[in-house]
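Undergrad: Shown below is the structure under consideration.
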Amino acid sequence: MGEWFTSKAVSSFHLWGIHHLFMVFLFIFGAVLLLFCSNKWITNKRTSNFFRIGLLIILVSSELSYQTWGVLNGSWNPREFLPFQLCSIAGIVTMLALLTKNKKIIQVILFIGIVPSFLAVVTPELHHGFPHFRFWQFFIHHLILSWACIFLVLTSTLKITFKKTIESYLYLLCYAAIIGFFINPIFDANFLFLARTPSTSTPLNFLGDGFWYYFNLCMVGLLVFIAIYGVYNALYQFKRRDR
């Protein structure tokens, strides 16, 4: 087994290094390209379906390869590999959305798929640097996740309202409660960073401790949902006028 596939970090990840900056640029470039090409995806059903299936295959392959990597290296454990982190569960939900094109699922991934994956790309909790397998898997997963969410929202006839925004936020709170009160204690894990802040420096470090950490986390989540709705609504109105 080559060094690039072992659990050992042969080369450390460098925050804001050239490889990290390239991935951030690629994230933004892909998102902008999708926004500008949205009309082509909508009008050309064959291209849209091809792109949708392609995104689905990459997301499934990414998750399976990550789990396989953990098993083959003997490093698999429930605290790290169970797909309960926000981006992990968003990836699974996005797979379902790509497969079914269900509007309710697409409504949810708009809020839990794009911003969390962007934050993961900007401030990754990653120890393996380029060209390790984990480096590629981490960034490919988060880039494709965000692009898939944008693609599904753009190609769906779903209209997001403020009521649906709050509804999606309540779904997240219910999920967080299950993770915080049951899943994390059972596996002694830190899914959704509800047990403690990440080991790397992230905006979560500024949210305080104890009660205030959870309160501020909920408030930040609500503000992010409202901000996403605001951006979505502005783009929706612009798109209608453009037509």
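Each residue's number is its place along the chain shown, starting with 1.
Every residue gets a Cβ built from N, Cα and C, even glycine.
Annotations per TrEMBL:
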TRANSMEM  20-38  transmembrane segment
TRANSMEM  50-69  transmembrane segment
TRANSMEM  81-98  transmembrane segment
TRANSMEM  105-123  transmembrane segment
TRANSMEM  135-158  transmembrane segment
TRANSMEM  170-193  transmembrane segment
TRANSMEM  213-235  transmembrane segment
Undergrad: Honestly, do the transmembrane segment (135-158) and the transmembrane segment (170-193) touch, with at least three Cβ pairs under 8 Å and pairs 6 or more apart in sequence?
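TA: Stretch pair does not touch.
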Undergrad: Is it true that the transmembrane segment (213-235) and the transmembrane segment (105-123) have 3 or more CB pairs under 8 Å, sequence gap of 6 or more?
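TA: Contact confirmed: at least 3 Cβ pairs fall under 8 Å.
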Undergrad: With Cβ-Cβ distances below 8 Å as the criterion, list the same-chain residues six or more beyond the ends of the transmembrane segment (20-38) that contact it, or say none.
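TA: Counting only partners 6 or more residues beyond its ends, the transmembrane segment (20-38) has Cβ contacts under 8 Å with 13-14, 118, 121-122, 124, 139, 142-143, 146-147, 150-151, 154-155, 235, 239.
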